[in-house]
Amino acid sequence: MASVRVAVRVRPLNTREKQLSSKVIIHMMGNTTSIHKPSPVRGDELKDGGKTFSYDFSYDSTDRGSPTFASQERIFHDLGSDVLKAAFDGLNACVFAYGQTGSGKSHTMMGHTDDKGLIPRICEGLFCEISHRSRNDAVSFCTEVSYLEIYNERVQDLLNKGTASTDGGGLRVREHPRDGTYVENLSKHSVHKHSDMEDLIILGNANRTTASTGMNSSSSRSHAIFTIRFTQAWFDAELPHETLSKIHLVDLAGSERADATRTTGGRLKEGANINKSLVTLGSVISALADLSVGGQLTKKKKQIFIPYRDSVLTWLLKDSLGGNSITTMIATISPADVNYNETLSTLRYASRAKNIMNSPTVNEDGSVKVIRELQAEVTRLRRLLEEANQLKEVQISLGGHSLRLMGTTEESILGVYTYSQELTKELCWAILGIMCPGDNRATEHPLLHGDLMKMSLEWQTCIPDLLLDAGLRVCCQFQKSLADLVYLLHSNMDQEIVTLGEVQLLLYTSVGVCVSSSTRSEAQAQLLLTETHLGLVQEDAVFHPAPRSVTIEPRRPQFHDFTLRRRSDVRCLLVHDEDRRGAVRLDVILANVRGRGHPESVTKGATPPAHASNSSPHAEVWKLTFSCSSEAACLINHFKCLIKD
Ligand SMILES: Nc1ncnc2c1ncn2[C@@H]1O[C@H](COP(=O)(O)OP(=O)(O)OP(=O)(O)O)[C@@H](O)[C@H]1O
């Protein structure tokens, strides 16, 4: 919210006032303006305490030689530069000059060639700033100008006199649901340089209705609105931005009393219409001022009606009065005692306007805003999709235990290994159920409903990858894992086995291994059975997230403990009863080979997986738990000859 800024400017005594030996009754100090009632006794004016008003600015322009003289330059510096700032900030701005006829409105707004007013200075400042910013910023600017007058409540185009409607009733004022009031068929002129703007100002001023009144030899008989539509377009972070600022610079016609200006006939009718607009402007200002008292909205807010549509002027300036604009009112006054009543009325009018609260907001082009919002949405959705492609964290609870799997990048691989293929499948279903809810294709896939053990032993097995929603890929790594294991196995086998091709895998599965002397009880290991050897391999982890950088190869499982024994070392198998969960335990009793100096028990870690702690000192026992009886049966079958009742 921003209140309307109000400035008061007093002009020098004019010739007529001097001829009447008028006294100066206006005094300014700082931001205050005082007016003293003329006294019938000469020299007694100042004995009246007078009335003092305070405004945002009080400009004393009565005496050029005075150190406090307010020049056109100073007024532009104080008021015009804020209009330029608003324009470049994408805000609407409005400056209107209000005052008695001949009080200096046109002088302040337009001025003369050798003493330019606000409008030409704002235009000059705008192009100066555009050329400065064009050098430094990648912004494009578009400036359009229109200039109209409201004469006898009719709108005329000052830049194209021929556009008035055929019935001579002037241009129509209409209201757009989003853009607000506008004048139909009003010409808009694209301006590319300051001199173009100057030409348009000269043309418009020449077309303006003026007449000579008793108060002013060249009195503006109409309200004139000079409008600059200023658009800026640029890209920020590859997203388009566009702001539009509307700047209304308004020179109101003066209200005059018939007796003071000796107007008659047509001039009198004009006066009535001028007054109609100004009276409505006064009512609008009063109603808006009532809406806010000391910046606080009154409780009666809803009952207050703002009569914008009662005059063309207030209807067109609706946004500038209590709406979306940074608005400044300049009240111009005469210093002379003969104008006491008019001047006091102006000062009161101006004082009331101080209470109007506006709510300026940046005007973004609607379609560009939509494009930018859509682009931002696309970026957001893309990021979501990328995130969906990454496994971040999955938590699964099984029988009170929870398993936490974490990955960081799209390259992440979640390897699921358990000692039971049933448990592995259950886990995979649970994970996929979380990540791709409702997608039943995974349950049909051979990996999740076939016999994993059989598939893993088939060197030729070719299981197609399954691509699920959210970019999740289900695939098997059997061949890669087996190749690793077989190389490992081979390098630790007896020297008699010379080629890798002769290593024939008979069983490859996960088992629980009881390591009685280790802190790691119930460790998991991969069990390998070849025609010649039996091996237990422990990996460092079950899940290996790939490193963030794609240039580094994803980390492969590392094999910890590796224990290899010849099949011929197996003395017997002890088969225990299935437990409640259907798990089967087998004790593999091996010949004690310690001290034999044989490299068969090669351990990358320190501890062999099992010790014959409860059997013969010459024997070694591997206590293996198969979660699935079919896998246990597979091992038993291969050692049939060794099984004893
Ligand atoms: N601050 C000022 N310094 C010097 N001369 C001024 C000043 N203000 C006004 N004048 C002179 O006073 C005369 C009347 O001023 P101006 O035409 O600006 O009044 P106005 O308020 O626009 O009147 P109207 O409502 O009749 O159009 C002009 O000759 C103008 O040059």
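For all residues, glycine too, the Cβ spot is worked out from N, Cα and C.
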- request: Could you check which of 97-116, 597-616 is flagged in TrEMBL as region 'Disordered'?
  value: 597-616
Statement: Looking only at the domain 'Kinesin motor' (3-356), mean pLDDT returns 85
Message: Quick check: in three-state DSSP terms, what is S106 (ATP binding site)?
response: helix
Statement: Residues near G104 (ATP binding site) by Cβ (under 8 Å) yet at least 6 apart in sequence within the same chain, in sequence order, are R9, R11, S61, T332, I333
- request: Mind running the binding-site residues Q100, T101, G102, K105 against ligand 1 and keeping the ones whose CB falls under 6 Å of it?
  value: T101, G102, K105
